[in-house]
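Annotated in TrEMBL:
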- 6, 22, 23, 91, 92: substrate binding site (BINDING)
- 32-41: compositional bias 'Basic and acidic residues' (COMPBIAS)
- 21-41: region 'Disordered' (REGION)
- 90: site 'Transition state stabilizer' (SITE)
């Protein structure tokens, strides 16, 4: 879905299929080819990665496979040492982390729409288990932004 107009894609494949690609757990959108301009191997930021490390498509399940080791090996140890950590990431990476931290089911994560650009705060107990999760800002504005995210993949 990278680089595609979501509304046009929904018109072509249907709202439900696009929702599954964007929000589903194990469903992947169609693979890119390596000659596609959107293939990450053409981006100099990924020059040090092998072809095997560059996905041609990715589901939330595959995103979790990348995000959770980073959480466990990098972020969590910093928190345990007393640091306050701010994470700025792509929506799907954030959804992967929320699913993991909140132990959400596949059905629950399908309906989660994280509003773009709104700080999401977690408070943890002494064992670094989440106590609560909340957004910072005006509740009506946050709801409107979450609805906008939900509507991105719908045909016009």
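Cβ atoms here come from the backbone N, Cα and C positions, even for glycine.
Unlike curated records, TrEMBL annotations are generated automatically.
Known features from TrEMBL, placed on the structure.
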residue: 6; record: substrate binding site; DSSP class: helix
residue: 22; record: substrate binding site; DSSP class: helix
residue: 90; record: site 'Transition state stabilizer'; DSSP class: coil
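Each of the recorded positions 6, 22, 90 was scored by other CB atoms within 10 A of its CB, and the lowest score goes to 90. Annotation for residue 91 (substrate binding site): same-chain Cβ neighbours under 8 Å, separated by at least 6 residues, are 114, 116, 149. Secondary structure of the compositional bias 'Basic and acidic residues' (32-41) per DSSP, as helix, strand and coil residue counts: 2 helix, 0 strand, 8 coil. Farthest C-alpha pair in the substrate-binding residues 6, 22, 23, 91, 92: 15 Å apart. Close to residue 92 (substrate binding site) in the fold, though at least 6 residues off in sequence, lie 58, 60, 63, each with a CB less than 8 Å from its CB. Over all protein chains present, the Cβ of residue 23 (substrate binding site) has 20 other Cβ atoms lying within 10 Å.
A separation of roughly 13 Å, to the nearest angstrom, links the Cα atoms of residue 90 (site 'Transition state stabilizer') and residue 22 (substrate binding site).
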